[in-house]
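**Q** According to TrEMBL, the protein has these features:
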DOMAIN    195-550  domain 'DUF7580'
DOMAIN    633-839  domain 'Peptidase S8/S53'
ACT_SITE  Asp639  active site, charge relay system
ACT_SITE  His676  active site, charge relay system
ACT_SITE  Ser824  active site, charge relay system
Amino acid sequence: MSLHAKVARKEIEVPSSSQDFRPFAIEAIERVSQIAKSIQLRRGRNNREVSQFCITLSNVLWSIKSSLQRSPQSQDDGQKKIERLLNNLERLCSWPHSLSKSSTGKDTNRWPTLKALQYSSHTNKATECIQSFASAYDNATAQSRVELLKRFRNIYSKTTKEQVTEAVEAEPSESLSSIEQVKVQQMGFELDDDIKRLYRTLLQYRSCEQEGSQQSIGTHIRLNGYRSLVTDEATAEFGVLFFDHPHIGECHWQDACIQIWHPQPSKAPKVQFSCNSNEQQTVCQPHTSHTPITCASFCKHISGRSQAQLLLSAQNGEFLLRDYRDVSRNWITSQQAVPLANLLDEPKAKFTEKMKAVLALLLARATAQFYDSELIGQGFTKEDIQFLFEERDRIEGVYVNEPMLVLRFKEDGTNKSETQGEVMSTAMIHDMPKILALGLLLLELETRTSMQSYRDDPDLCPPGIININTDYRIAAKLLDPNHPAYILPEMDRQSPFRIVLPICIKPGELARKMRENLSAQKKMNADLSNALRSVIYSEIVLPLEKRVSSYDKPNTVNVLYKSVQRRFAAAPRSIKASRQVLPRSEAQTVAVSGINDEARKRQLSQQWFENYDRLKETLQSEDAETGPRYERIKIAILDTGINSDDHDYYRDFGIIAEYKDYVNNNDSNPDDETGHGSAAASLLVRTCPNASLYLARVLKTNTPTRAEVKNVVDAIDWATKHKVNIITMALGFKEYQPEIAKAVSRARSKQILIFSAASNSQNMESIYFPAKDHYRVFGIFSTNAGNRESRDLNPSPDDRQHSLAIFGEGVEVAEDKPLLSGTSYSTSIAAGLAGMLLDFSRQETDKKDIPDISRLSNMEVMMKMFLEMARDSSDGRYKCIRPWDLLKSGMDMHRAKQREWIRGTIERLLDKI
């Protein structure tokens, strides 16, 4: 609790009119905010209107509280306005009852409801009133909510930009989603004015004349390096890198931080309840304490090679030199920037799902923020988005969370950018070219296929010459469910691109969403620019934010593309251009080299899963393919448990159905002391995302003990009672365990497929039990990502059974976690593959022309399927499974044909049994 709140708690009586109201107001704000947050948690999930109002109220009140803590204690005018604040809070906590004069008057009985909030037992009335006010559906109350929030927002004349900034600074533990939901409702804090001032200033300094003829100064704006500020002078800050002009020798990059200065009142802010302000703007006066930089001397400043960051102020169209400070990032300043276009075409640049989501989020945010500016022209392109090499943790390379925008100017000096050339707007089909440009860029990022490649496909590219509508027409076919090239089913079901791409690419889609929002809010004369930004945020940015925030360490990414160990200097420039586009041949010379063994294994792991995903995406059902009798596959995982964060995340998405703890008998608090079971669950979700998981914690450590045999037996019986389809046990015992054998027999009598790890003992020991029970259990061995058996892990194969092996050496579970190796992980992947096949067998069963392949649940049939996938990839006596071998080779095979081919393969195998 704040110091002010403690003071207020001691003063049980409301301050008299001669006292300072701030401590009591701060106490009241804290109490009301707590009530609003509790209502949002209890009611917000089922009522969006309640959720939005409570979140907005909490954040706005938090901003007011921060202002109260900073403002002076005197000033009668300020005290009067704090009284009005308290009157409004009293009305909110008493709604819909009208207030007596004593409740808001001048005596000591004023604000009785707020006074009662000092006691936790007296909060029920206020909670009920606020909840009723937030959930009432009549137009009058809806308008009252809007008006109340307006009054609160206007206190101290705070803009929403300042509110969000203060909320982030004052309450760092606040979840991202809560802050961002404020932005969805109130997109009035764009940096429009700041961006215009930045652009106009850069326009003045766009060229160097030291050599007697104008040369463009290369300028890159960091799309992860801008923010709003709330200071006496600056309102925004931008990270910019200039390509310097030494005029002798090589060129380097100069890091700069540019703060935008325009006036704000110097006196203390005043509490303000009126929605209108009649205050006149202060005229911008030059700041005399900093050194102005002339256009003629600018090149000298950015070519100083000081190995420091320039701190500049943009004021009245000119730069002021404020200071030098330590560099913001460890840029490799001697190397040229690499366009996104080159990286998308570079095989060694491996974009993980996290990297794609992070980059897409930054591009979408920048589109919303820079939408009305000259900076992006007709929208982002993959040539204009570039990256500088950077060193992080002693690794030099490209990192996707630092994209930069190349700034281009026309040679005639007009305030227009050349970003995408002149566009004939009357001929363009799409109503929002900048949104379409974003959609096309994200489409190429997600599919790793260039629009140029799509143009070579006669089934996609419309006839005639290439024009401004060609790429749109191609993208529209890729998003058409009736077209054979329909791509959405090939994406992960939780991928935000499934939501974002149609919104961006389909004409009129975003405009329709905006009209729906305005209609729902009954805003007939709304600011269309702000309304558009709001819908860009809610429909495009927010899904990407949710995806990124679901990753562990969302602000951290691994290197995408490594630099050579030796730092090459950029060549001297001899052309009049600001574009530092690295040609394709040069991009390959600045290639990934010296990759250590772990990095190589990580890349191979990603390649293995990319290959697996081709099969998974073919087998996964679309909405029309499940049928009325379809049921999800149930998989039981018997392991060391699962950590609570993973459990809650998977449970919220409906992935985990049941959790049972046989170690501590504490089913309500999921736990995993080693991470072994958590990794197993992660691999099952990755390989069979439609499965419903039943988790049983049977081991305390990774090494099972004799005392834990009963846990395993009980868990097998528990899973059998839940009628699971698959049991996976990434565990084993050196000796035969008769009780486990009996439990396995009971499960097999119910046609449950059982998987177990062979062991990691090499030739030191034989196959562990129950994996060696080859009549009832699939014993799984390991391969590396190259599909060779793992000699450092596997025990010798058993001549009496087929020794099935699948990927388990150097497995990447997460980008920021160590690689995992062991037959345990192979077991999880094999079980997930079996689950995916069983799920496929349950699809489209209502169609007469679809063959019945339900016998896949038979162990013998599933063994045949595994052997079919290992038919051409055995390694000695190990049957090394390549799941994607089920697919028919050939790039011309569409999804429907592939599914038909796989069914035919299963039918053929069934006929042989």
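One-based numbering along the chain as shown.
Positions of Cβ are set from backbone N, Cα and C atoms, glycine also.
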**Q** Whole-number Å only: compute the distance from the Cα of His676 (active site, charge relay system) to the Cα of Ser824 (active site, charge relay system).
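**A** Rounded to the nearest whole number, the Cα-Cα distance is 9 Å.
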**Q** In whole Å, how far does the CA atom of Ser824 (active site, charge relay system) lie from that of Asp639 (active site, charge relay system)?
**A** 10
**Q** Translate the DSSP assignment of Asp639 (active site, charge relay system) into the three-state scheme.
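**A** Strand, per DSSP.
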**Q** Suppose you look only at the domain 'DUF7580' (195-550); what would the mean pLDDT be?
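**A** The average pLDDT of the model in the domain 'DUF7580' (195-550) works out to 79.
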**Q** Could you list the residues of the same chain, at least six apart in sequence, whose Cβ is under 8 A from the Cβ of Asp639 (active site, charge relay system)?
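**A** Listed in sequence order: His676, Gly677, Ala680, Ala681, Leu695, Ala696, Arg697, Val698, Leu699, Met729, Ala730, Leu731.
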